[in-house]
Every structure is written in structure tokens, then in C-alpha cells.
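Chemist: Before I ask anything, here is the structure I am working with.
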Amino acid sequence: MTEQTSEATVVNNSPAPTIPKIKREKPTPEEIEERRKLKQLEVVPEGFSRKQWKRELKKQRWQDTKQEYLEVQREKKRLARQRKRERLKDLDENDELRKAQPIPSRQISTNNVSVIIDCDFDELMHEKEIVSLSNQIKACYSAMRHCTYKLPIQITSFNKRLKQRFEAQLHDYHLWQGNISFTDRSLTEYVTGAPNSESKDNDGNSNSNTTNSTDTINTENLVYLTADTDEEITKLEPNHTYIIGGIVDKNRHKQLCYNKAKELGIKVARLPIGKYIEMNGRHVLVTSHVYELLCKWFENDGDWETAFNKVLPPRKIKSKSPS
């Protein structure tokens, strides 16, 4: 019996595979000084400031090393999967470690609540802000995959630099699964019924889950979320679509989304941030946080405070009881 017990508790102690680190020698003070002198002598092309040229060189270096970086990241992920398989292969199916890794439910909200990300602000953003917005949309997709309640997303005004960014750097968005779609039509065109090219899903096909070129949206069921209003939402209404402004501008453009909503006859409202958390400055959240908060509201049975604390980084919030 003793021998059998010892055999049953054998654990694979073989060392985990690792990626050899590339050792780079630190430059000497003389080399650093030489580099500094070369930078001072460097000729900045016409039309560039020194700062802009430095940024351009950095972008070129990234393009030169991008493939190597991606290969290292893929290898890290492969090794992580391998380590996970080794940890789990000798464990029983009822082991606590397996129980601690549930697969998220594929349930979609039955209340017909959906989300539009209005990206019709391309000309108001700098290049870095376009990159940031594209990453936030990617974060929305990640939240959709992992949340229990997956609110459908439609990205409107998917064109210009934003689309170019996706096609160049995030081209696998065509393979995204779930109820997320992209259209070059603007929110204004949907509301007014102005014709444009047909909405496409991530496979480039006509998307039956979104309005086509002749459809309009009933503004009675639209709510534009903006911090520039005193009207707060207390719950997410069934059969309503909540619009998130797809813009990264460091608050340069005040009341931008508010004014657009008023022009289109769309109701405006803000999330009840002040009732549950305290934030420094204006109560403005990034696009991906707003989307995830809406999903978490359903997941936590309408508990805004729990949703805020689950989504926002602890360093940015301070719990506050409802008044």
C-alpha cells in the first residue's frame, strides 16, 4: 500500500522549458558619448522637427524588429501552454485546480441591449490616438469573449486611418468571432437614413445582424453615453442601444459627443460614476472600460458598484456608498 501511494503522488519535477535570453553588453561611457555626438550631427529631413524625426526612426526600428518580437511572443505562448499541459496531465478531472479554471458561459443577454461605438472623429485625433482607439476596440472584443453577458457591438464610421490601422497591424480582426461588426456608415447616416455602402461583418459579407444601407435606427431606443450631462442612467433598458464615443482626445474637445447627440435627437446620459466611486478630474472612461462595465452590470444583477470595482483599476477609484 505504501508503494502504491507514493507512486500515485509522483509529480513531474522536470524543469520548465525556457527561452534563452539575449545578452546585450552595456555600452561604455565612451560609446554613449559617441552616440550622443552622432545624434547631434544627424541631419533632420526637411518637413520634420527633431522630435518628429526621432519618432519616425523609432517607428522604423519597430518595423525592422517586429517579426523577431512576434516570434518570441509566439514561443512564449507555446511554452506557457506546454507548462499548463504538464501541470494538468496527472491531475484527476475532479481536482480543485481544474475546478478553478471554469470556461466562461457563451450566454448572450436576452434583453436585446446592444452597443454602438461611434468612430466618426478621425480628423480630430492624432496618430497615436488612432492607435489607442484601435487597441481599445480590440480590448472590447476581448471583454466580449470573456464576459458572461456579451453585448453585441457595431463599430460605425470604420474607415480612414482607423481602418488603415486595422488592415495594417490588426488584420486578424476578420477572424474575430462573436456578435461584433464593422461598417463604414456613420451614426448620422443610420439615424437620417442617408444611403452608403452596405454594412459588412468581419468576413466582408453582408451582415444580417446589423442594419443595411436603407435601414434607419429608431432614436427613441438610442442613448448616447457622455460625461457632459447631468442625466444619469440607473439601469440598462431592454431593447435599447447604448452609444459610446470612439474618440481619444485627452478631453481637448469638450461636449463633442453631447452636441452630436443633441443634433441627431438622441437622448444623452452618463454612467452613475459619482454615486459609487471617486475619480480625479472629469468622470471620463476609456471606450473599452465603458463596454465592459455594461456587460458586468448584467453579470452582477444590476449592481453598478460591483461592476465599477471589477472593471476599473483599484488605483483609479475609491469606494463610495450611494447617497
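Even glycines carry a Cβ here, placed using N, Cα and C.
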Chemist: To which of Leu236, Leu264, Leu271 does Swiss-Prot also attribute binding of S-adenosyl-L-methionine at the site defined by Leu225, Thr226, Gly245, Asp249, Lys250, Asn251, Arg252, His253, Cys257, His283, Val284, Leu285?
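Modeler: Looking through Leu236, Leu264, Leu271, the residue Swiss-Prot assigns to the S-adenosyl-L-methionine site is Leu271.
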Chemist: Take the domain 'SAM-dependent MTase TRM10-type' (99-319) and average the pLDDT across it for me.
Modeler: 85
